[in-house]
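Let me begin by presenting the structure, written as structure tokens, before commenting on it.
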Amino acid sequence: MRRYEDKHIPVMPKEVIEHLIWKKDGIYVDCTVGEGGHTLLLASISPDIFVIGLDIDSEVLNIAEKNLSSFTNVKLFKSSYVDLPVVLKALNIEKVSGILIDLGISTYQLKAEGRGFTFNRDEPLDMRMNLEQKKTAYDVVNFYSEKELADIIFKYGEERFSRRIARSIVNSRPINSTLELVEAIRKALPPQEIRKRKRHFATKTFQAIRIEVNGELSNIENFLNNVPDLLEIGGRLAVISFHSLEDRLVKHFIKNSNKLRQIVGPIIPSKEEIDENPRARSAKLRIAERI
């Protein structure tokens, strides 16, 4: 039996089901299938529910296909959530009853060798969600200017030592692996800063580089702009975010939309869930309704 560290556990499953499902014969979309945890829960509610699942990561989608093979009311697509309108058009579906998106990185992506998302072992600098795209973390780390690096580390990582870290990265080039990058970050930070941080000192910089490689924030904006026209009246949007940049984007979009209203959130995981699944500790769930 796999431990929680090795197995992807869906975040806030009860809360997602309680607030997303309002029609037990509706069409629902899981925009980030991962290993299929949330998708399985949605499909299990009723055989009359139809679930469309998307994921841009072909490796993790293969796992989901195996996990969901017994369900006849699920259809999976290798596609980015940004392209949801294209997928629905191909299925001749104009409106759906609910849309779920989990913006966190999957356990598989962290644990699979060679993906470069983790700072806990030595791997090539990759960090691509979509293995078919060309830009990798290696390109960002080795070819961005010092100013460009400082800007993205500050903006996407909310790292106050961004300039020092960018300078250290440039001075350490070429950087070929994750642990070489960790060492460059370590050199830039005061020892007392490293000691006092609750999370690994490289977390913020790795987050920033991953966001840059995958264009995550612009993708979220594009996705959100599409959502209102894809939901039927009364339809629900459920967004699980894992850091303040994502949550602010979602919060402000819903607040400023004349087609959506927030009905629940932000919900955070219970202490019991965090004990079972530490990955959930920084998650926030917001639910909006199409009006």
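Keep in mind that glycine also has a Cβ here, set from the backbone N, Cα and C atoms.
Per Swiss-Prot, S-adenosyl-L-methionine binding site is recorded for G36, G37, H38, D55, A90, D102, Q109. Every protein chain shown contributes to the tally, and the Cβ of H38 (S-adenosyl-L-methionine binding site) ends up with 28 other Cβ atoms within 10 Å.
Among G36, G37, H38, D55, A90, D102, Q109, the residues given in the record as binding S-adenosyl-L-methionine, the maximal Cα to Cα distance rounds to 29 Å.
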